[in-house]
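Student: As listed in Swiss-Prot for this protein:
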- 97-179: disulfide bond (DISULFID)
- 4: N-linked glycosylation site (CARBOHYD)
- 1-24: topological domain 'Extracellular' (TOPO_DOM)
- 86-99: topological domain 'Extracellular' (TOPO_DOM)
- 162-196: topological domain 'Extracellular' (TOPO_DOM)
- 261-271: topological domain 'Extracellular' (TOPO_DOM)
- 25-45: transmembrane segment (TRANSMEM)
- 65-85: transmembrane segment (TRANSMEM)
- 100-120: transmembrane segment (TRANSMEM)
- 141-161: transmembrane segment (TRANSMEM)
- 197-217: transmembrane segment (TRANSMEM)
- 240-260: transmembrane segment (TRANSMEM)
- 272-292: transmembrane segment (TRANSMEM)
């Protein structure tokens, strides 16, 4: 029966509704956020790589997290900006749409895994400080990163393949600023109920699976902190986890709102807002969350700026 339908070979993305003036304001806002996101995360990556004081597992993981933030936001934001500037050009081929969705989901899965790894790292640092260098040695965290990258990209092969095995004949218009899976399911002329349920279960498995080590780690961290008699000691212990905990709340919260829902094809406005939180706001906040209250990083960054100034002066 599906043979009578012709599937779309390209999609037109509606992006953001509104007048040309509104689009220009959105373009200026998102371009500024994107530029600050890239520059801020690049600064962290360079500082972590060149400063010997930051050669520890947590900063190694932070550097990888910054790389991921740049890659994740770059999967959709440049195309979104182009669409705001020239709305009539928001056309994407089926192959490009599949590639964008695959990269976005794979990098997102990898980011969740990395957040879980960083939580375990904080657990070891707080609860087993004397064994930290033994447990989190160089070979351990390098293998953890390799496994995370491999699993991140392998885990999303079937979900994306299953999505693009559908026939998209209801419409070639996606009411979003990137190739959102919910919108793709919405324009399919096939019954997607079972497929949506399987995708929902996989999203639950990935998100909750990476959330478990985070919850367990912070349970032990809080338990250990409560045993510290002095308030200053408690604050010092928790300060090592505060930035990561803040990032976890924002990251997992937005992912749960966006993906862990039985019905993937819910309101486009809702998906657009939460997608902006994942693709624009969180990557933008990342450099500030991890560095503003980190005295060690601020010192390293200051030393680096002084060194650059001396080189330029000479």
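Heads up, the Cβ atoms here are built off N, Cα and C, so glycines get one too.
Since this is a predicted model, take the numbers as computed values, not measurements.
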Student: Are there residues at least 6 beyond the ends of the transmembrane segment (197-217) whose Cβ is under 8 Å from a Cβ of it, and what are they?
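Tutor: Residues packing against the transmembrane segment (197-217) from afar: 109, 112-113, 115-117, 119-120, 122-123, 155, 158-159, 162-163, 181, 248, 252, 255-256, 259-262, 264.
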Student: List, in sequence order, the same-chain residues at least six positions removed whose CB sits under 8 Å from that of residue 179 (disulfide bond)?
Tutor: 11, 13, 92, 97, 98, 100, 101
Student: Within 10 Å of the Cβ of residue 97 (disulfide bond), how many other Cβ atoms are there?
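Tutor: Cβ-Cβ neighbours of residue 97 (disulfide bond) within 10 Å number 23.
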Student: In terms of DSSP three-state secondary structure, what is the assignment for residue 97 (disulfide bond)?
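Tutor: Helix, per DSSP.
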Student: At an 8 Å Cβ cut-off, counting only pairs 6 or more apart in sequence, do the transmembrane segment (240-260) and the transmembrane segment (65-85) clear the bar of 3 or more pairs?
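Tutor: As far as Cβ distances go (cut-off 8 Å, pairs 6 or more apart), the transmembrane segment (240-260) and the transmembrane segment (65-85) do not touch.
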Student: Let me spell it out: take the transmembrane segment (100-120), skip the flanking residues so only those 6+ beyond its ends count, and list any with a Cβ under 8 Å from a Cβ in it.
Tutor: 58, 61-62, 64-65, 68-69, 71-72, 75-76, 79, 92, 144-145, 148-149, 151-153, 155-157, 159-160, 163, 178-181, 184, 206-207, 210-214, 217-218, 244, 247-248, 251-252, 255, 278
Student: For the topological domain 'Extracellular' (261-271), what's the mean pLDDT in this predicted model?
Tutor: 61
